[in-house]
Every structure is written in C-alpha cells, then in structure tokens.
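These come from Swiss-Prot:
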{"type": "BINDING", "residues": "G170, D171, R172, Q173, T174, G175, K176, T177", "note": "ATP binding site"}
{"type": "MOD_RES", "residues": "T257", "note": "phosphothreonine"}
{"type": "SITE", "residues": "S363", "note": "site 'Required for activity'"}
Amino acid sequence: MVTLKADEISNIIRERIEQYNREVKIVNTGTVLQVGDGIARIYGLDEVMAGELVEFEEGTIGIALNLESNNVGVVLMGDGLMIQEGSSVKATGKIAQIPVSEAYLGRVINALANPIDGRGKISASESRLIESPAPGIISRRSVYEPLQTGLIAIDSMIPIGRGQRELIIGDRQTGKTAVATDTILNQQGQNVICVYVAIGQKASSVAQVVTSLQERGAMEYTIVVAETADSPATLQYLAPYTGAALAEYFMYREQHTLIIYDDLSKQAQAYRQMSLLLRRPPGREAYPGDVFYLHSRLLERAAKLSSQLGEGSMTALPIVETQSGDVSAYIPTNVISITDGQIFLSADLFNAGIRPAINVGISVSRVGSAAQIKAMKQVAGKLKLELAQFAELEAFAQFSSDLDKATQNQLARGQRLRELLKQSQSAPLTVEEQIMTIYTGTNGYLDGLEIGQVRKFLVQLRTYLKTNKPQFQEIISSTKTLTDEAESVLKEGIQEQLERFLLQEKL
C-alpha cells in the first residue's frame, strides 16, 4: 500500500488550488415543451433576442421567432427528429450570420453557406449577418450604368441598370429561369459577380442550371445558393437572405453584383407555413401580415452605392410565379410595388413560339433609358413605336379584310420586327450585335424577306459584319454612340449581305 506523506498531500492540494479556474458561466437555457412540423415551443430562455440562434441538446440549431409571455416559438434549421420533449435548449447569444469570402465563387452552397457540391470546405475569414440593414438614401446614387441581359427585347425596350430591381413574372414554364440564366451568361467578361438563389426548386432543375453555367464557363464568377423542395421551410425562408449577404460582401468591396431569387413565391409559401405553425394570425390568402416586409427588406438591399462607398452595385432580378396570368394576386402585387419595373412573360406568346415570351405591352422598366448606352437609345425608340403601332393594327386587322397598302406594309414590318426579337436559349447577344439587328429591322431592310428567312439572314449578317466590318463594333464599343461613320459602315454591310443572301436563296 502506497503511503502519502503530509507535505506531498499539501503540495497536491496547493497545485489543485492554483489550477482552479474561477470563471463563472451563465447559460441561458430552456426546456422543450412541444416539437413537431419544424417548430419547437420552449419554456424558459428568458433573455432570448428575436431572431437569435438557439442550440438543442442533440445539436440542431433553431431561430427564436415568436417571443410570447410564457414560451418561445423556435423554427428548426433541420428535421429535428432527435429532439425530445423535456430536453434542454441553450441560447447562443448570436444572430444568424454566414462566413463570406472570394472562395465561394464557383461553388454550390445551402442557406447556411455550407458547400453541397462535394468539393470540400470553403475557407473564409470574415462573416456577415444574414439580415443586415439596406443602404440609406445618402449611401446611394441613381442608376445610370446598363446591365445587359443579352436579350434584344429587354435591352432595347425594358432596360435594366446596375443597382436596379427588375421583377421577372409569369406562369410556370414560360421561360423565367431561362431569362435569368441568360443574363448570368451575358455577364462573362463584364466584371460582374452573379449569385443565383434557388428556393424550393426541384433538385434536377438546379442541377440543370449549374451544368449549363459550368459548360459555358459562367460558374467562375457565379455562386449558387440552393435549398430544394425537400428542405425545411426555415432554410427555404433564409436562402434569399444568405444570397443577399454574399452579394453585399462583394458590393461593399467596390464590385458589381447580380442576384437572382428563383423564386420568391416559394419563399413566401415557406414563410406562410412557418407563420401558421407558430399560430400567427393569417391575413389575405392566409399569408401573415408581415409578408410585404419579408420581401421589401430583402429587395431594398439591392442598390447602386455612392462614390464615397466605392460605387459598387447589387442588381436584383426576383422571379415570381403567377397562377394562370393573375398579376393581381397578393405576392405578385406586393413585389411589383417594391421593384423598379417588371418583365412579364406570357404563356400564350410562349406557346405561339415567340421566345423569350416577353409581353412588351405590360412590361416596364422604371429606370428606363438612363440604363442604356446612347447608341441603343438611338435605335430603340423607333422599335418601341413601331411595335406599339403594330400591336394596335394587328388587333384591328382581325376584323377588317380590305386594308390599304400602307397598313399592309406596317403589318408586314411589325411581323418581321417580332421575328427579330426571337432568340434561342443560352445565346445572348452583345450590345453591338443587338444594335445592328434592331437597325436592320427598323430601317426596312427585312421588308423584302419572307418571315421564315428573317432569323437565318440576321445570323449570317452578324457573322458577316464581325468578320468583314470589325470597325462597326470598334466604334460602338469605344464611343457608345451610333456615329455617322458607324451608320454608313453598317448600311454598307447590310446591303452587301442582303444581296449575297438573296442570291443564295435563289439558287
């Protein structure tokens, strides 16, 4: 038997006393009263903040949304299947935030900014709050630089500027995502960081978008935030704010960003589900009273920053799905009133083969020609006017058979202009190509062609001008104006190609 001497015992006790740490930890804890449907009710947690993160015993994280007199309503950021009644919950003292860094470019992440593309961890030294205040009035300046989508119909008649919020609205399967992804593809070489947020989409649809961006080299400057249809409602509700926080990180570093929310109807549905389960009073269409604030605080974060803050910008393209063209439903009207214009995609036009199926009549950009280069303003005015007159005449022509020659000519011109606006998916055009295309149509060069020949001719014309008249593109890109010299080069090129084309067609 080992015997300890008295001085050894006193040494051990002295060491233990020296090692004793007097730190007192006060942990704000509570007990689970009820759990289910992605919601937990907690008793205790007396000093919890609204929106604070709480941690359950088995590791699930939740957000305290309802602070009631005798319990706290928490939404879970996981399935919560292992949470039991009576288990303990502790407040973390933190509001939801995500790590941010340049390393996120080219990655696919979830609403908590964790990678889901199987390519390992993402290193980040900084973090940002998911919900941060939007820039104030003094921090902004008016939108003046164009953000080209590569789609003639949008860039000429519904122009989008850097820092603008433009809603893309339409029924299901009308090409809303296609317009958004084409815009991302067109930012190649424009020094714009793109963030694509997929909310409640099918995983196969998200994979398709990611693949198409990868094939065309667009993932290099793009971040995809995805919460698919099987994700908890809490994460679908948070995904847009995560995307906005990432875009803001780049915006405040003097860069230009484009963020696409696809789509906000699904986010509103996820928020409605959470609110009803938390027993908040339902309003119109069973949405909670603060569903307007849900979207307004998100979209107000898009801005063109002032020169003091570095002139960075964040352009938002929210997408909203309508039911059988009903633009006057609750969520569409809310988002229309928050944004700076809308691009309306029509199922009838889509089915008639007019793609992109943009209804130019009811689409609008509230920034307007401030977001266009001078050369585009010069050619787009005539296009708008002629298409508006054509739409009016077309409706009238259905009732009248004997039309005079001038009316017939105007109808023929309108049909060719409508043909000129058609574009294949994933084939965005540069602004110089758009200007030459519109100029060809509005100045009557297409009037002598059959409608079926228009697109074929325009494709050949673009190739011909690129190889034989490169000075046209050089003048437009350097001066941003359709000068007399550029116009004469363009006229010459169109005439030459038209003669060649008509000869080919005769053979």
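For all residues, glycine too, the Cβ spot is worked out from N, Cα and C.
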Env. residues of ATP site, Cβ within 8 Å of mean position of G170, D171, R172, Q173, T174, G175, K176, T177 Cβ: E321, L345, A347, F350, A357
Structural state of D171 (ATP binding site), classified by DSSP into three states: coil
Fewest other C-beta atoms within 10 angstroms, as judged across R172, K176, which are the binding-site residues: R172
Densest Cβ neighbourhood among Q173, T177, T257, S363 (recorded positions), 10 Å radius: T257
T257 (phosphothreonine) to K176 (ATP binding site) - Cα separation in whole Å: 20
Among G170, G175, which are binding-site residues, the residue with the most C-beta atoms within 10 angstroms of its C-beta: G170
Same chain, 6+ residues apart, C-beta under 8 Å of the C-beta of T174 (ATP binding site), given in sequence order: L345, S346, A347, F350, A357
